[in-house]
Amino acid sequence: MKSLDDLDFDNRFARLGGAFSTEVLPDPIAEPRLVVASPAALALLDLPAETSDEALFAELFGGHKLWSEAEPRAMVYSGHQFGSYNPRLGDGRGLLLGEVINQAGEHWDLHLKGAGQTPYSRMGDGRAVLRSSIREFLASEALPALGIPSSRALCVIGSSTPVWREKKESAATLLRLAPSHVRFGHFEYFYYTRQHDQLKQLAAFVLEHHFADCNAAERPYAAMFRQVVERNAELIARWQAYGFCHGVMNTDNMSILGITFDYGPYAFLDDFDANHICNHSDDAGRYSFSNQVPIAHWNLAALAQALTPLVEVDELRASLDLFLPLYQAHYLDLMRRRLGLGVAAENDHALVQELLQRMQGSAVDYSLFFRRLGEETPERALASLRDDFVDREAFDRWAEAYRRRVEEEGGDQESRRRRMHAVNPLYVLRNYLAQQAIEAAEQGDYTEVRLLHQVLSRPFEEQPGMERFTRRPPDWGRHLEISCSS
């Protein structure tokens, strides 16, 4: 085991030079204290699960102390925001502190969010608030537990530093981990500023360190883009299958690695609503739940445009054309498993789509439906779920088709139950649960956020005494729309 003050650094991105990032020191927050830490994220750096030295966490991630090998830098990038190109974005409040190598030889970026102003702050104060930091922490650890690729969160540090958003709040920092923080927007920045040498340098860097297997291809950059398409097709399929709505799918929020990145006003669906908008700033619904698939394809096309100096257009188009069929195959496989079906059949797509149509407008809890479906035999489970649907005759027709499908596959109920419970979570990160934890933390009580994080780290297992985390939201907590303000 390593200790927190003795990490091994190898700052590869910093060595790219000043065209890619600017050296900036963290601006300390006042009276830093540890709010919550993730044992699973600590393990990625070979650190012990217990956080016995909370003062050291607070010093390092509150901006008061740096490792001697750290090289904090603010990265420059651009991006399309709500469909419009913004030529200069960059890390406006976050710093890449450096890259740590664990005992397995893996590199992990240490990125401190809320570290103060940078050259890219665009009139902002460079701070993050406790509210948004807790939300990002919880999601960063909840999604991987569900099998959804994501950046990770090591810890949240609170403070007494005041910041003003819609109201006065307290500043916080979040330490984010990821194998890379390179975004689609990095490539767009060098493309639109016509810095094609730097564009190629960035592509070579990403190829060498994150897509090394593509080096053997006849055209490595084309092979790399194809893998980016493949990874994003699987990622979005997992979002859709588990009812995750990102909320701000700007190209600067898209990771080149195909992982969930830059959490803002996200939400997991409570009642199923294909048109759910979780971001109250998204008046047109560009990033609604149902739009995430076409928007991901649009974003990949924006990345493809930025790669045209390196890859032939026909090759880029061919890879883009793979996105939808790859997405559909991944999504159908995930939904088949959620329904307890192990063998593909011709009518599976229709079975899934019919279920979603029956759910729409019926106030059916998306996550609990699948969990309850596996609790008992299909006949009993379907009978108990029937009352949740508005058009019960239509549901009965779907239920009969599903029952026949299960019967065709055969197998015993206990095996079916175990199989379904392994992929259908009992605990999901509902917005109202996060809000309750945030409100307690804002009063200095971190018990709830730590407990919620602990529960969400094992979403498929029944945890005695934690029944309250399985409940549907109260009236005040239904269909919460979250602000981008953070």
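For all residues, glycine too, the Cβ spot is worked out from N, Cα and C.
Listed features, source Swiss-Prot:
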BINDING   Gly90, Gly92, Arg93, Lys113, Asp125, Gly126, Arg176, Arg183, Asp262  ATP binding site
ACT_SITE  Asp252  active site, proton acceptor
BINDING   Asn253, Asp262  Mg(2+) binding site
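Non-local neighbourhood of Asn253 (Mg(2+) binding site): Gly79, Arg183, His246, Phe261, Asp262, Gly264, each in the same chain, at least six residues away, with C-beta under 8 Å from its C-beta. Comparing the Cα of Asp252 (active site, proton acceptor) with the Cα of every entry in Gly90, Arg93, Asp125, these being the binding-site residues, the smallest distance points to Gly90. In the three-state DSSP reading, Asn253 (Mg(2+) binding site) counts as helix. Arg176 (ATP binding site): 26 other CB atoms within 10 A of its CB, across all protein chains. In the structure shown, across all protein chains, Asp262 is the one of the binding-site residues Asp125, Asp262 with the greatest number of other Cβ atoms within 10 Å. In sequence order, Lys113, Gly114, Ala115, Gly116, Gln117, Thr118, Ser121, Gly124, Asp125, Gly126, Arg127, Ala128 are the residues of the chain that are 6 or more apart from Arg93 (ATP binding site) and have a CB within less than 8 Å of its CB. Of all residue pairs in the ATP-binding list (Gly90, Gly92, Arg93, Lys113, Asp125, Gly126, Arg176, Arg183, Asp262), the one with the greatest Cα separation is 23 Å apart.
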